[in-house]
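S.K.: Straight from Swiss-Prot, here's the annotation block:
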{"type": "BINDING", "residues": "His42, His44, His226, Asp310", "note": "Zn(2+) binding site"}
{"type": "BINDING", "residues": "His44, Leu45, Asp46, Asp172, Gly201, Glu229, His253, Asp310", "note": "purine D-ribonucleoside binding site"}
{"type": "REGION", "residues": "170-184", "note": "region 'Gating helix loop'"}
{"type": "SITE", "residues": "Asp172", "note": "site 'Important for substrate specificity for S-methyl-5'-thioadenosine'"}
Amino acid sequence: MNILQEPIDFLKKDELKNIDLSQMDKKERYKIWKRIPKCELHCHLDLCFSADFFLSCVRKYNLQPNLSDEEVLDYYLFAKGGKSLGEFVEKAIRVADIFQDYEMIEDLAKHAVFNKYKEGVVLMEFRYSPTFVAFKHNLDIELIHQAIVKGIKEVVELLDHKIDVTLLCIGDTGHRAADIKASADFCLKHKADFVGFDHGGHEVDLKPYKEIFDYVKEGGMHLTVHAGEDVTLPNLNTLYSAIQVLKVERIGHGIRVSESQELIDMVKENNILLEVCPISNVLLKNAKSFDTHPIRKLYDAGVKVSVSSDDPGMFLTNINDDYEKLYTHLHFTLEDFMKMNEWALEKSFIGCDIKEKIKKLYF
């Protein structure tokens, strides 16, 4: 890994008024997106990789030997989109084929942190599911966690803490090894490394799991859950339960809040931030198009939103692609993006000392 990189000249607020994006081509705009000091709150570490990294793993373990590189990417990944969140989850389970040993998992963590640094991310909250990483090859979740923490720390230190990284633990439903209570226990056992707890997999009403979420919250964890993402669900119960029953501080995706003025008012009254992932929403058919993505309505209504990449390995994207889509389709400005990142910093679960450092440096 080539750690040596030119330092990023991050934008300051007083520079924004002098930048005219309308006079720039796409390549020039991407240079600007990179210079935005980004605080990313919603990215699955276990699905954060480049095409080259993924293909190297597939070839190393001799997976799908009869497929070309392009066919491998089509078989495993979701870069061309699909029919639904359910189809995406099934493909993500295929990707778990590559989680075969702890060295690979450590390399994945290093790769993910370094790529986020190159994208101009200054605060990164990664989340991962111990049971998801472990289940295909019966790995030990303790050794998985050690590998991830070691990989993250090594790159953060090599980069002289120019990016700060923390972890959230996901408790899954939806695959054969899913055990949300065991994940909650694991999260609290490693509270020195985790700052929050999430639910992943198929979107479900989490009211029956209230005791588990209360348990991790009482143990010192912050709460965010995936809710209001899946448009195939017949109602908005997942959102109501997240807000009223689990009393979360943030919501992963949450774009269906836009369907209810009552929910818009509730998230504002409770100071809940929505971790919005625009490209993910469109590729999974949870938003009809970028032009009609609900983030515009939510932002204009005064709801706190942030921009995240969700599963960049599955989509073969990076966070700057999301910024490009929001600019070209919904006309968000640099001032809007800076505000979203300030909100993300405010609502981050990382320690107050790091938040204060980032605020002084970039905002």
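Just so it is clear, glycine is given a Cβ too, placed from its N, Cα and C backbone atoms.
Set these features in their place in the structure for me.
M.R.: Of all Cβ atoms in the protein chains displayed, 30 besides its own lie within 10 Å of the Cβ of Asp310 (Zn(2+) binding site).
Within 10 Å of the C-beta of Gly201 (purine D-ribonucleoside binding site) we count 21 further C-beta atoms, all protein chains included.
According to DSSP, Asp172 (purine D-ribonucleoside binding site) sits within a strand segment.
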S.K.: With H, G and I counted as helix, E and B as strand and the rest as coil, say where DSSP puts His42 (Zn(2+) binding site).
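M.R.: Going by the DSSP assignment, His42 (Zn(2+) binding site) falls within a strand, counted as strand.
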S.K.: For the binding-site residues Asp46, Asp172, Glu229, work out the Cβ neighbour count at 10 Å and name the residue with the minimum.
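M.R.: Among the binding-site residues Asp46, Asp172, Glu229, the lowest count of other Cβ atoms within 10 Å belongs to Asp172.
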S.K.: Please work out the mean pLDDT for the residues of the region 'Gating helix loop' (170-184).
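M.R.: It averages 79.
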S.K.: Can you give me the Cα-Cα distance between Leu45 (purine D-ribonucleoside binding site) and Asp310 (Zn(2+) binding site) in Å, rounded to a whole number?
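M.R.: Computed Cα spacing between Leu45 (purine D-ribonucleoside binding site) and Asp310 (Zn(2+) binding site) is 9 Å.
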S.K.: Using the Cβ centroid of His42, His44, His226, Asp310 as the reference point for the Zn(2+) site, which residues of the same chain not in that list have Cβ within 8 Å?
M.R.: Cys43, Arg127, Gly200, Gly252, His253, Glu275, Cys277, Ser280, Ser308, Asp311
S.K.: Please name which of the binding-site residues listed here, Asp172, Gly201, Glu229, His253, is nearest in space to His42 (Zn(2+) binding site), Cα against Cα.
M.R.: His253
